[in-house]
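First the structure, in the form of structure tokens, and then the observations on it.
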Amino acid sequence: MTRNNSIKRLLLLGLLVASSFQISHGVSQSPFNKLVQRIGSLPARSSHPLASRLFAKGGDAAVAAQLESDLKTLTTGSPHSMTREECLAFYGVNEDDGLTTEVAEERLKIYGRNELTAAEATPLWKLVLEQFEDRLVQILLVVAVMSAVLATLEGEEGGFIEPGVIFAILILNAIVGVWQSKSAEDSLEALKRLQPEVATALRGGQWLGELPAQELVPGDVIFVRVGDKVPADARLLGLKTTTFKVDEGSLTGESVTVSKSTEPVEADAPIQGKANMIFSGTMVTNGGAFAVVTATGMSTEIGKIQEGVQEAKEDAEKTPLAQKLDDFGNQLTLVIGIICVAVWGISIPKFDSPIFGGWVKGAIYYAKVAVALGVAAIPEGLPAVITLCLSLGTRRMAARNVIVRKLPSVETLGCTTVICTDKTGTLTTNQMTAVALVTPDQGAYGPGLAEYAVEGVSYNPAGQVVDLKPGAMAQEGLKDLARVMALCNDANVDFVGEGGFQHRGEPTEAALRVLVEKLGVDGLPRPDAAQDPALACKQANQHWEAEYKKMATLEFSRDRKSMSVLVRGADGANRLFVKGAPEMLLDRCSRVRLPSGEVVPLNASYRRQILEKNTEMATRPLRCLALAVKEAEDLGALADLDLEAGGADAAAHPLLNDPKHFAGIEQGLTFVGLAGIKDPARPEVAEAINVCARAGIRVIVITGDSKDTAIAIARDCNIFGADEDVTDRAFVGRDFFKLPEEAQQEKLRTGNLLFCRTEPADKQKLVKMLAKLDEVPAMTGDGVNDAPALQQAAIGVAMGITGTEVAKEAADMVLADDNFATIVNAVEEGRCIYNNMQSFICFLISCNLGEIATIFFSTMLGLPEPLTPLHLLWVNLVTDGPPATALGFNPPDPDAMYRPPRAKDEPIMTRWMFTRYCLTGLYVGCATVGAFIWWYLAHGVSLSQMTHWGQCTSWGAFHPDYVEGFDVVGDPCSIFTTAKAVPQTMALSVLVTMEMLKALAAISVENSLLKVQPWSNKWLMLGVAVPFALHVSVLYSPVLNKIFGTAPLSADEWKVVFAFSLPVLLVEEVLKFVGRRINKAKMEERMAQINAAKAASSK
């Protein structure tokens, strides 16, 4: 319901729903009844100041908005903090009958359909116009229009080639921009695919198994079972099975499935703590349950995520490069405007020269010169070269497992100041691994425990239990340990070829399976995981499964925190294998089995040591599981049960079928050991964190995990020091956001940080706060809940393996290996790409400055135009483009990650660089105009005649030297018109040759060619050779001569071209030398920053 809905409609709907509740269910205190009372007491428009103010502020819409707010407040509440009875009363529904069809229809009118809605799409015409908001594009458009107008006025053949080329460039740019904008809508479609199409709901006392999920409303009673996608947010009413689990990884980012219950929880509990809630789009992995729908459509957690994505799109800022190019375009617009107007104004006295045939034609001629100056000033090839360079960068990054989805993000990486990262799967392997094994011991000093480290960090069974002596598995106690882990287990580990070792079932149980393989079987050689991986992950488990047949499973429950299996051995004896939480299971143990097989009483000493070990292991952090057995003689009625032989008796079956008996069955146990399991840190992450410290990049961990676990992993990864006080560095999400805003900002300014137990919206809040602090945050994510933050961040990085499609669509780039170290590699590539972009942008700008100088000098001297607009367009697009692109292949600087991030507002060109390229441009302009003048002087035209060439019609006695292919004898002016093709070709050749030489010098912005040779970049050599070959073809092809207005040059003329061109290398080397001296102080300051970063990383 929008704010523009009428009051009448809102009142009517509220009354209808309320009366329906009363009639259908006799619920007198439902929230809707309260709404009716509130509506009835609302004052008339003219009789109450509150009403007057509401109407004054927004008329009917304001009052409707207030009533809508009332409706939402009354009908939302906190269902997770209510008892099931309170929840049913709150939503006015009977658990046995569900909603009536009439009530459901009325609620559907109020709440709308249970589906995600997109923001209004931007019209195509608006998207097209947006592509012309860029300042450089606007300049090109103006130049193209002016050129087309002048071509129309003159009616000159080929006059429309230049504006046609510019228009083609602009149209292509607009098409690409519109396509990219349209493709950004994919994230909504990915979110919609998470929602199921049908649901099982109770309506009017009848279960509807194929009710369209879009028709669910708050108050609907639904049923979900294993394999179902949850159709809406709902509060659990009852479990149909002992265990009910849901995979909420798409919302929380955590890989462990969540066990659910029906008990109320705290009102301010985070999503991870709402054990009695199920959420739209999540998957049921175990059991079945009844629930009442509490939120639909955009009010669900997924709906809030969609709103966050849309909000992030609206708040999206331009990338640093785009902003710099905008700033550059604005400055260029001003400079071009001033220079073009100045050139045209200076030439006004020459408009009435006889050669033009009138003042108007003279004005048009010099307007063409001004347009040529505009073409010279605009780096038309810059957008294309930037795109090509970024594309080349993406190929290099793909080789390092980074898949780039949005090209501008490649450059933004170079100025990343903060990496906000998930814990699970990014810092860690996301593969639960058993890393410690504890067994009871009986030494010379009495009861004790023996702990063994376990090698490995994944589901790969390679590795061993460290310090476990050869032949140890012959001991009965260790055999029992392996049996419990293998059989009290519903998971599997398989080898799936290129996919490696993958698990099915609970990750924790899969870790126990792998530990069983590392323990091995006495007398059975362990297969090599590299040579026979399929057998290596199954041999030992299959051995124990063949020895004992599983007959029944006593499923896990939250109250007893354990699960067990009843098994039958080859000798016909039944046993019970149990695993569970140590503090709970130990209370049900009365004995201890030593590795040798000897059974001793569980005395106070053993109990204390086991509990202390459990506490100590939890701080590492390890998830500890206690392992126990129960022998046949202690099983009572279950001792002789043989389900396979059909020998189940009446006394046994009720014990196994009724969960209330499970705790009693699991009494009188024998403790056999502890297994310590964790999601270990990736081995390469610690060094990557050190690299971040050297590079001046902070790391912020944002996780839904517990605080102790997250801190321990952060210490393992060098994010925090081993003994560092993290009181002001590690925060629970909700506690941090309760702090005053100033305190939040102060804590976010410095150092590595950790946020745990975070809500889906917390990441987006943190990204916004970091942006306000002028940070450039890169954000990682894999779940649906991460999409808004990925969209909001300067760089959104999704996980390629565990990431949801929603996260990938919202991200700027995807990590193929889900590895934090890969992000650091990407940052290094981003810095390298920026350096290369700076090289070719400076190269292109310096070339344009030379062209501007050429046009300006020739106009100031009153010379004929040495270069046409088409010449300049050819040089900017074709001649300069390939070498500029080739500069993108320059190798990275060795110290790229020993420098702090560059500032967002750091200009592409520093003041010295601009001064340097202006000086180079002056030489380029002088040399180009000099070659043009030389040709005229060599053909009998004086400098005075050149500067007054507009008076040539009055030079009756003037006879220039013969020019092959042109009649310059009969018409003295022809040497300045038709024969001008030859000196223009010389000027063009000098310009092209110098720009190729400047490209070779641009291999390094600062270093001499004697230190960094051009041939170290083979693509640069090719990028220089090809354009020069194209230039030669323009000179010696008759067809191209006609199009471009060029002429072939003689060998002597080529000598002159090289004589004017080669000194540009000397000019570049001298200016580089001066630049190195100027930058010496800056280099010393940078080294001080590097040393400070190193010192910080070593603490």
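From the backbone N, Cα and C atoms, a Cβ is placed for every residue, glycine too.
No curator has checked TrEMBL annotations; they are predicted automatically.
Bear in mind that the values here come from a model prediction, so they are computed numbers and not experimental data.
Listed ranges 914-937, 986-1009; the one TrEMBL annotates as transmembrane segment is 914-937.
Looking at 328-346, 385-403, the range tied to transmembrane segment in TrEMBL is 328-346. Per-residue confidence over the domain 'Cation-transporting P-type ATPase N-terminal' (78-152) averages out at a pLDDT of 80. Using the rule of three or more Cβ pairs under 8 Å, pairs at least 6 apart in sequence, the transmembrane segment (840-863) is not in contact with the transmembrane segment (136-153). Residue counts for the domain 'Cation-transporting P-type ATPase N-terminal' (78-152) under DSSP, helix first, then strand, then coil, are 46 helix, 3 strand, 26 coil.
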